[in-house]
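Engineer: Take a look at the following structure, please.
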Amino acid sequence: MPLVFVYGTLKKGQPNYFRLIDSSNGQAEFITCARTVEPYPLVITGECNIPFLLNVPGSGQRVYGEIYSVDQKMLEFLDWFEECPDWYQRTLIQLEILKGNGETEVEEAFVYTKTKYEPDWLNKPTYDSYDSNGDHGLKYAYEEDMTRSTLDQKSADFSQNSEQEIKKNNSLQILTSTGDDHDVNFRGPLQ
């Protein structure tokens, strides 16, 4: 089974870890902790404070994370979740595993990195490890929270537009819980 290195919100204790252990997404088995053999820039940026590993080997810091063995279904889910290849790119990376006796072993695993990014991202602070609640003060903004605020705004817009449409037509279509449509006609103008 393929190995995947996670360094950000998919790590244990981080906001998206639940996606990695959700069996409906596929199977993922924790193997060990590791760090990149080469330094990479791990930056936190964007409206949601997303951690990105920029595919610029030799720059930044050696990054700590976790290696998981995943089945094909989980790999496909991760590609979808990471919007690969449009948003992130899945590439192979060399990782160093520290053994209990002080020796190291090198393993190769897939990692989701950014090859396309804003030029100023290379000037952002880099990190060797990610924690959403870290000292950096850049807490990850849950996608669900962002979606909820977007939905709340769309709902408010919809309600306002519906009210205007009702006043215009003096009728209202109501969808009941059984899914039946009912037309309600008003005898006078709505106030």
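Note: Cβ is positioned from N, Cα and C throughout, glycine not excepted.
Among the features that Swiss-Prot reports, active site, proton acceptor is placed at E82, with the record citing similarity to another entry. The substrate binding site feature in Swiss-Prot is assigned to Y7, G8, T9, L10. Among the features that Swiss-Prot reports, compositional bias 'Polar residues' is placed at 155-178. Per Swiss-Prot, region 'Disordered' is recorded for 155-191.
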Engineer: Compute the C-alpha separation of the residue listed as 'active site, proton acceptor' from L10 (substrate binding site), stating it in Å without decimals.
Structural biologist: 11
Engineer: State the count of C-beta atoms found within 10 angstroms of the C-beta of Y7 (substrate binding site), not counting that atom itself.
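Structural biologist: Excluding its own Cβ, the number within 10 Å is 27.
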Engineer: In sequence order, which residues at least six apart in the same chain have a CB under 8 Å from the CB of G8 (substrate binding site)?
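Structural biologist: Within the chain, G8 (substrate binding site) has Cβ neighbours under 8 Å at Q14, N16, L42, I50, P51, F52, L53, G65, Y130.
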Engineer: Using the Cβ centroid of Y7, G8, T9, L10 as the reference point for the substrate site, which residues of the same chain not in that list have Cβ within 8 Å?
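Structural biologist: For the substrate site the neighbour list reads V6, K11, Q14, N16, P51, G65, Y130.
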